[in-house]
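First comes the structure, then the notes that go with it.
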């Protein structure tokens, strides 16, 4: 186990964390402003990936595909908000869970209807192929580094958007008192649609970027959606800062756990047994982390003001 | 006076009982399997209904208990079949009654553990945390290779119930139906007991209950554990029905389906899960016969139910529930 191997795994963990942040930021924003739990957020991730794969295959340009993923996911999100989600704001969480669960079924089967069950593939763009040398002798894929940088830029942009712009001011006002901001003449319905579309675009972006690393297929959003839930529960629902820190924590702990635990377990038992045992413990690690954090802070690390 | 809901419940119970016998008489054995599936899913959802309907605890992780029940049945049965002893020299078992007891204990302990942590929170947090814990169990089952991992575990011969031959479809339906009726009876007993009154009061107004000196947490925890145990029992039967148990029983889609059954039927109603399971299985087999994409239409039906028909089937038939 060399230093460069550890560094490589650490970067993989950060990359996973950045992806999770893009998902979790949308979820936590939507919950914070509208008080809505959206299970179908993973479907928007899938929409982004499919849009990118289809447009990239048709035009030959990954960058057009990436733009399409943002546009399509935002449009799908806005449509979803106007047709269904808008009716759910006043309802209890059970209704929201069920309605958005129904949306998952509709989106997944609808996509399978159009594209079939076979995965699509998306190539890494020419510009970002290749690798960057790491200190210690190995090399790290440039594309993964680009994802990390993109995620960092989005995090900065989102923070600036929320703390410095008029839209961000309205979003924060909507979080703290929606009746009052509506009474002051802000069109709250449009604001909600905008926030939903923004969250959707971030999910779509994440889907498109991951699509080039893995295959693009139906159901790809569900595992990452549940991880994103873990992230916002750890970070504190409604908090962007919590989402960022929670996402990095989950990404790094999950990746390092899968890498290190089989080796640690291997110190105590034979290597044939250590792999499966370590793997099984590693697969539960982030949930144990979540349980431990909740046992100490039931409202997450950075609870938003209720 | 007999209420309309009571009448509807009776009709549903008799209908579910009659269908397999008619199916058997006219030589439609597959319909018996469908009816057994309805009974088992209804039992699982009745278990969830204790937490969700009476206690207002939206658990999105009951697949964990359902699947654990299934795995207890599968594991005990496979050890009894192969003769390999388990831990402590225990040889496994093929007796349903013993399996059920074990499953209820295991799921009860798991429920206690998950409940103690999850019930510290409420609302959306509770939904997400129960979901996350169920995922933890799911991933454990996938990555633990001893009992089939991702491929699941077969039960070669269905487990035994004293005095009857469970390999006969109609007999096995009888066992499942009997378990459902007992489960519904327990649900009604809990609902009408002092404990049930406290549980429903905690759902309606936690602060008032606390102010009259009843601590909400132990009540919720008890309900959650009882709920887990009943759902696990249904899981044992489900594994026996399919003679197969796999991680898909633990998946979050399963948790979602269990909630769907309750909502389709009508939240908090005694026979809500039964009506919901009947409707669900009928939709599944009817639409599944017409189109491969039946889940698309199931999604539309579900969406319409949530948005426009909030009382579910029982609500439509029997009118509004008396209590909110």
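Glycine is no exception: its Cβ is also placed from the backbone N, Cα and C atoms.
Please treat TrEMBL annotations as automatic predictions, because they have not gone through curation.
Keep in mind it's a predicted model, so treat the numbers as computed, not measured.
Taken straight from TrEMBL:
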- A:16-37: transmembrane segment (TRANSMEM)
- A:44-64: transmembrane segment (TRANSMEM)
- A:70-89: transmembrane segment (TRANSMEM)
- A:101-122: transmembrane segment (TRANSMEM)
- A:142-162: transmembrane segment (TRANSMEM)
- A:190-212: transmembrane segment (TRANSMEM)
- A:224-253: transmembrane segment (TRANSMEM)
- A:274-296: transmembrane segment (TRANSMEM)
Considering the transmembrane segment (A:16-37), which listed stretch of A:70-89, A:101-122, A:142-162 counts the most C-beta pairs under 8 Å: A:142-162
Within-chain partners of the transmembrane segment (A:44-64) [C-beta distance under 8 Å, separation at least 6 from its ends]: 23, 26, 70-73, 76-77, 80, 107-108, 111, 115, 120-125, 199-200, 203-208, 210-212, 216, 218-221, 224-225
Contacting positions for the transmembrane segment (A:224-253) when only residues 6+ beyond its ends and CB under 8 Å are counted: 10, 13-21, 23-25, 27-29, 31-32, 39, 41-42, 45, 155, 158-159, 162, 175, 206, 210, 285-287, 289-290, 293-294, 299-304
Which of A:101-122, A:142-162, A:190-212 contacts the transmembrane segment (A:70-89) most, counting Cβ pairs under 8 Å: A:190-212
Outside the transmembrane segment (A:101-122), six or more residues from its ends: residues with CB under 8 Å to it: 39-40, 42-43, 46-47, 49-50, 52-54, 56-57, 62, 65, 80, 84, 208, 211-212, 215-219, 222
